[in-house]
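According to TrEMBL, the features are:
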DISULFID  Cys11-Cys64  disulfide bond
DISULFID  Cys12-Cys27  disulfide bond
DISULFID  Cys15-Cys60  disulfide bond
DISULFID  Cys17-Cys25  disulfide bond
DOMAIN    27-41  domain 'Bowman-Birk serine protease inhibitors family'
DISULFID  Cys34-Cys41  disulfide bond
DISULFID  Cys38-Cys53  disulfide bond
DISULFID  Cys43-Cys51  disulfide bond
Amino acid sequence: GVPGDDVKSACCDTCLCTRSQPPTCRCVDVRESCHSACDKCVCAYSNPPQCQCYDTHKFCYKACHNSR
């Protein structure tokens, strides 16, 4: 299936998945903000901010560097 519209802007360059079935995947990109589809966003109080999304999914988002 195709995720909702807010996920279209979501992307991930470094995605780690477990070897379980189904896999549990998490994006470990560190960026200035989390993507729009992220629920659990944790940011370090630095300048610029360093944010990571702690959501887990059964899939990985598309790579960010393809969507510029």
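Glycine is treated like the rest: Cβ placed from N, Cα and C.
Around Cys34 (disulfide bond), a 10 Å sphere centred on its CB holds 21 further CB atoms from the protein chains shown. Cα spacing between Cys41 (disulfide bond) and Cys51 (disulfide bond): 7 Å, rounded to the nearest whole number.
Counting only same-chain residues at least 6 apart in sequence, those with a Cβ under 8 Å from the Cβ of Cys15 (disulfide bond) are Cys25, Arg26, Cys27, Val28, Cys60, Tyr61. Here Cys64 (disulfide bond) is compared against the disulfide-bonded residues Cys12, Cys17, Cys38, Cys51, Cys53, and the shortest C-alpha distance is to Cys12.
Cβ neighbour count for Cys53 (disulfide bond) (all protein chains, 10 Å cutoff from its Cβ): 23. Using Cys43 (disulfide bond) as the reference Cα, a 10 A cut-off selects Cys34, Cys53 from the disulfide-bonded residues Cys17, Cys34, Cys53. Its own atom aside, the Cβ of Cys12 (disulfide bond) has 20 Cβ atoms within 10 angstroms in the protein chains shown. Recorded residues Cys11 (disulfide bond) and Cys53 (disulfide bond) have their alpha carbons 11 Å apart, per Cα-Cα distance.
For Cys51 (disulfide bond), applying a Cβ distance below 8 Å and a minimum sequence separation of six or more within one chain yields Val30, Arg31, Glu32, Ser33, Cys34, Cys41, Val42, Cys43, Ala44. Other Cβ atoms within 10 Å of the Cβ of Cys60 (disulfide bond) number 17 in total over all chains. Of the listed disulfide-bonded residues, namely Cys11, Cys25, Cys27, Cys41, Cys64, the sparsest Cβ surroundings within 10 Å are found at Cys41.
The domain 'Bowman-Birk serine protease inhibitors family' (27-41) scores a mean pLDDT of 91 in the predicted structure.
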